[in-house]
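Visitor: Got a structure for you, written out below as structure tokens; questions coming shortly.
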Amino acid sequence: QLDVLSILPFEVLYFFFGFNPAFRANRMLKHNTFFEFNDRLEAILEKAYIYRVIRTTGYLLFILHINACIYYWASDYEGLGSTRWVYNGKGNMYLRCYYWAVRTLITIGGLPEPQTLFEIVFQLLNFFLGVFVFSSLIGQMRDVIGAATAGQNYYRSCMDNTVSYMNTYSIPKIVQNRVRTWYEYTWDSQGMLDESELLEQMPDQMQLAIAIDVNFAIVNKVDLFKASSFTGECRHGCDTQMIYDMLLRLKSIVYLPGDFVCKKGEIGREMYIIKQGEVQVLGGPDGTKVLVTLRAGAVFGEISLLAAGGGNRRTANVVAHGFANLFTLDKKTLNEILVHYPESEKLLMKKARVLLKEKGKPAPGPPVQQPRGVADLFGQKKETPKLFKAMFRGTGKEGFAKLLQMKREQDIQSRENKTKEKNKEKSKQTKILKESKDKRDFTKGTYLLILYEAKNEPEPEQKKPVQPAASSGPPAQKEEPNADAKPKPPAVMHRGTTNESLIISMSPSPRAGEGEILKVEAKEKTQK
């Protein structure tokens, strides 16, 4: 409505009343459009505080212009050149009136004294208005400059507090210099110390929109998450919404030159995505050989996210080559996301196994040339035994002495092992003999004792225990008990010195329900 009123053509009244700028006063109703223009312009400017300073200065110049116009009107009302206070009509009237307005509104002073009552009242109102307007513009200018340097002041405050803390606890100067370097690089590279603080103030949808624009192209390069030509069911990529949730969990970390991103032997719990800078993978015997250099957009450690049982250890050292800004995603965070996406979890597990197999395969080398001619008749040379390798490491008698020492140790160890095995066998046989003597009664069976009498009568004076031995020959023939015969009294075995050995064994009865049979064999000893 105000815009419609502002364009009404009141200029047609010039034909009836002559030229008068008051007929164009309705154009002032478009002031809302002016402020809307300022808001939109600030939204698209990278450094909006510069425009705010220029706009505030424009406000001051426009107010001085209005004051100069009012002064010319007052001089014309009193009469040009009628008094020393009014404009005398000489020179450039706009510049002279503007000069008077500046000295009056900014309260510089040095102006002619007003003569009439109108001039005194006009001058007083001009002074009061000048003090109010000038103080407001100065305050607004201070706020604009303060807002422009608020981030820098916060950075200085954080850095000063950190330095004061390190000085209090006597932190070494080398560490202090690295901390200062980290503060300076982080602030210069991204304009803030922690990007998450800025995104936390926004709604989730806006955070997601920014994360997609900034990080989606990088995360989509990860083989574990992007759609690829895997075999089987791994032909499609992960759920897009799962990747969106993962983008909100990425953390940005700045590494200084020489910082270890990960060390060899550590358990892999994070995945790294290089946002800016380079990292070097070190290996070799001394861990200083540069195997490969990874640059912006490269990804490493993604298999560690799905390694089960913590068995995936880092196989090399990764060091920042210069300043490097990396995104990290830890295993715990990924597991929290996969709880809501079971299908994607299964797919990621399959992809991880496929990637692990591919990366675990040795690099293809040149084909091995097969020997030709006479050498083809002999097989491939076997590896030299370790015993000879140990001997060849020394020179002269020292190597041979080491060989003899290792041989002695090997013989002693073998004898000890044989002794232990014999003792175990004896204890086992003694235990079997003891258990066989304790078993006397069964439900439907009795022991069948087969005893061969010794050829030589035992000597009653010399009593030696019977030594059981393992049965090596065939067992004695079983004797069927006569049903009509009367039960014989139990046989008594006299102990003494004989030239026969006893072999005692237990075997199940061929008849069902009769338990076990104790067999004792007497074998004649062989004469040496």
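Every residue, even glycine, has its Cβ placed from backbone N, Cα and C.
From TrEMBL, here are the annotated features:
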| type | residues | note |
| --- | --- | --- |
| COMPBIAS | 454-464 | compositional bias 'Basic and acidic residues' |
| COMPBIAS | 477-487 | compositional bias 'Basic and acidic residues' |
| COMPBIAS | 496-508 | compositional bias 'Polar residues' |
| COMPBIAS | 513-528 | compositional bias 'Basic and acidic residues' |
| DOMAIN | 239-338 | domain 'Cyclic nucleotide-binding' |
| REGION | 407-437 | region 'Disordered' |
| REGION | 454-528 | region 'Disordered' |
| TRANSMEM | 6-23 | transmembrane segment |
| TRANSMEM | 57-74 | transmembrane segment |
| TRANSMEM | 120-138 | transmembrane segment |
Visitor: How about long-range neighbours of the transmembrane segment (6-23): same chain, 6 or more residues beyond its ends, C-beta under 8 Å?
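Guide: Residues 29-30 contact the transmembrane segment (6-23) from elsewhere in the chain.
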Visitor: Could you tell me what the rest of the chain brings near the transmembrane segment (57-74), counting residues at least six beyond its ends with Cβ under 8 Å?
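Guide: For the transmembrane segment (57-74), the sequence-distant neighbours (Cβ-Cβ under 8 Å, at least 6 residues beyond its ends) are 86-87, 93-94, 97-98, 100-102, 104-105, 118-119, 122, 126, 129-130, 133, 137.
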Visitor: Please work out the helix, strand and coil residue numbers for the domain 'Cyclic nucleotide-binding' (239-338) from the DSSP assignment.
Guide: 24 helix, 46 strand, 30 coil
Visitor: Determine how many residues of the region 'Disordered' (407-437) DSSP places in helix, in strand and in coil.
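Guide: Each residue of the region 'Disordered' (407-437) counted once, the result is 31 helix, 0 strand, 0 coil.
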Visitor: Across the domain 'Cyclic nucleotide-binding' (239-338), what is the average pLDDT of the model, as a whole number?
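Guide: That stretch averages a pLDDT of 84.
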